[in-house]
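Taken from TrEMBL as is:
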- 1-17: signal peptide (SIGNAL)
- 74-210: domain 'L,D-TPase catalytic' (DOMAIN)
- 170: active site, proton donor/acceptor (ACT_SITE)
- 186: active site, nucleophile (ACT_SITE)
């Protein structure tokens, strides 16, 4: 009995499973979940893990060659065609994130700056959105921050010439929409990605949208 118990213990430690047909233990190899998308506790809120196997590699956070070598570190480039956001690191490299962009009729381009940032921001739908979606009337004065809030865990507010554009770079609980044209002009990110970007970006940073 003791040898059998010892063998079972070793099998558990080695992530093995017993094959009754061969009478042997077979090692089970599991692909580790990328650290970037594990579950996290953020203040009073929990951020669920994202199944990275369902996020195309092209939209997972990674380090890539710098696409804007003439811009200062900290500059953000939003490429709405490829649905990528780049944060310039230095002359050679940039961090690239997958994003969701504006659906047909809501796309835009130009230069803005990061004016401010917010943790678990309040979302206030603009009047024209409430007109299109009357069910949003209950949030006319603002939806408090939280796991179901459309702005997600963080928001980065984009201004031009000192005025709020109404557009944000923000998290989303709907991570399946990353890589698609689904927003009303804002740029949505996987929650874990927007947390990472938020900590790297400073107010005053240039944001180029093209």
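Yeah, the Cβs are placed from backbone N, Cα and C, and that goes for glycine too.
What you are looking at is a predicted structure, and each value in this text was computed from that prediction instead of being measured.
Averaged across the domain 'L,D-TPase catalytic' (74-210), the predicted model reaches a pLDDT of 95. Residue pair the residue listed as 'active site, proton donor/acceptor' / the residue listed as 'active site, nucleophile' shows a Cα separation of 8 Å.
Under 8 Å, Cβ to Cβ, and six or more positions away along its own chain, the residue listed as 'active site, nucleophile' finds 102, 167, 168, 169, 170.
Here the domain 'L,D-TPase catalytic' (74-210) has, by DSSP, the following mix of helix, strand and coil residues: 25 helix, 58 strand, 54 coil.
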